[in-house]
Amino acid sequence: MIRSLPRSKTYDWSFNAFIILYFVFLFAPLVVTCVLAFNNSDFPSLPWQGFSLDWFVADGPDRVGLFHDAQNLRSIVTSFETAFFVSILSVVVGTCASFLFEKEEFRFKGLLYMLMLAPLVIPGVILGISQLLAANTAGTFVDETFGVDIPFFRPSFWLVVLGQFSFITTFVTLVVSARLRKFDPALEEAALNLGATHFGVIRHVTLKFLRPAIVGAGAVAFLMSFENFNTTLFLVGSEPTLPINLYLQVRDGSTPVINAVSLMLIVGTSLLALINFYFTRKTD
Amino acid sequence: MPRSRLAFWIFLAPVLTWLLLLIVLPHLDLLTMSFRGENDYGDMVWTGRNYLNFFTEPIYWLTFVRTALYAVVTTAITFVLAMPVAFYISKLARRRLQGALMIFILLPFWVSELVRIYGWMILLRESGVLNFFLVKLGVLNRPVEMLYNDATMIMGLVYTSMLFMVVPLVSVMDSLDDSLIEAAHDLGAGKLAIWRTIIIPHCKPGITSGAIVVFMLTLGNYLTPNLMGGKNSLWFTEQIYNQFIASFNWNQGSAFGFLLLVLSSLIIWAGLKLSGQKLGEVAS
């Protein structure tokens, strides 16, 4: 059965085999994508035509590698910018929310808490379309009342940021709240007794204590924003983020440049995820 | 400790702005839009026609039912696969291996869903890697198209949501005291009895939270059915997208969106009720 109990050889073997198969299942698509990024072929498929870096560095005219592919590069930059703003915004508001829910008592707290959790059960597509509708309604309203047309309310960069922010903040709140719950209020009282101001206490004591959770939540927010597809799909304007841009390319037929982009993405996110693991490890 | 009113408002204001402007208002807008439509003269009027269309056009409600059923099937398969994996990690693997396995389980999920689906497409399509090897080995005479059918699509959906089942299961199994299983074993209980009376009941909270998250993510998934399912594998989110982007019938799309939101909330609510849990507990 378990570690401490006697087990038959067959049981052990079949279990190990199952686990190995599971991990093959988990990693096969990623490994294949990475390997085929180096295949010297015009299509992302076998047979192996030899090792080549063309899909990264080729400068046309037959092959355009990732580093010369303006469209893909621009979408990577857009994704970075989006993720940057989303993580800053959601960390600030999420931290405020966890202070609010963990430390304050007020009427309608339960109701507000349920609302805060709502994005967990709203499918991303729905979040996207309702955000689109609301922005459109607001845009029409402003246009009819004041006669000004504000491009912000049409699918645009900032609308994507807001759309992603609306649900990522919930995750940040949950992560920071979990850490805040472990905080000993006696530390704050001590600081206050020693003459610190309220905001001094929050800055030097509470936020210091929360820092690992805030950094971790920020990293998670960044990754969630970077890879978001469902919500972004409806809000994206003329500047597609990387997942949207890749989707359009995959749908219309793929070239190994997509593999090259994917490889960079896999390496990049793995590094960020590992840093995040390291930080959360230190928290516990 | 006594808190200033100012601090309270500083925490409350951004949270309230976020929840009202980005969660409450957009979804109210979604609801009102779904009851609007053009009459014969092209004026906007209140109407229930959008919902009526849904029930009178079999293609709409059939897709809806199909999506829900497939989401249930996906959740069930994910559970069956995740249970032994979680059991292995928390009860069988050597202690030092546990951490590494968890990292390996988490890593693929930080990579964009699009990249993972793309990986499967390179593996499975007619000119794909798997076909290449099967033909080479003589298992197949000629390549077979393995993409664009329901079975592959479900596999893709299981793959994309696997993590959200494994992680909660591992954490509940970790909290199960090994000595309970040992005691049952010493008293002569068989494997089946141990699973039925000890492991499964103990894991119930983890099972519910995993199932809810997987179900919701599958129901609202757009990417996987769109890229891996064929022309015939309609998914309800695709209908919503088509109404919004292709037909530009936002009112009809809103009605569909609202129906999907109601369905997912209802099933999650039922799941929570049946297992006697709260959303907050499931989330954290």
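We count from 1, first residue shown onward.
Here the Cβ of each residue, glycine as well, is placed from N, Cα and C on the backbone.
Noted in TrEMBL for the protein shown:
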- A:12-38: transmembrane segment (TRANSMEM)
- A:76-276: domain 'ABC transmembrane type-1' (DOMAIN)
- A:82-101: transmembrane segment (TRANSMEM)
- A:113-135: transmembrane segment (TRANSMEM)
- A:155-176: transmembrane segment (TRANSMEM)
- A:213-237: transmembrane segment (TRANSMEM)
- A:257-279: transmembrane segment (TRANSMEM)
Distal contacts, the transmembrane segment (A:113-135) - CB-CB under 8 A, six or more residues away: 97, 101, 152-155, 159, 162-163, 166-167, 169-170, 173, 228-235
Most Cβ pairs under 8 Å with the transmembrane segment (A:12-38), selected from A:82-101, A:155-176, A:213-237, A:257-279: A:257-279
Contacting positions for the transmembrane segment (A:82-101) when only residues 6+ beyond its ends and CB under 8 Å are counted: 109, 112-113, 116, 157, 160-161, 164-165, 168-173, 175-177, 180, 202, 207, 210, 214, 217-219, 221-223, 225-226, 241
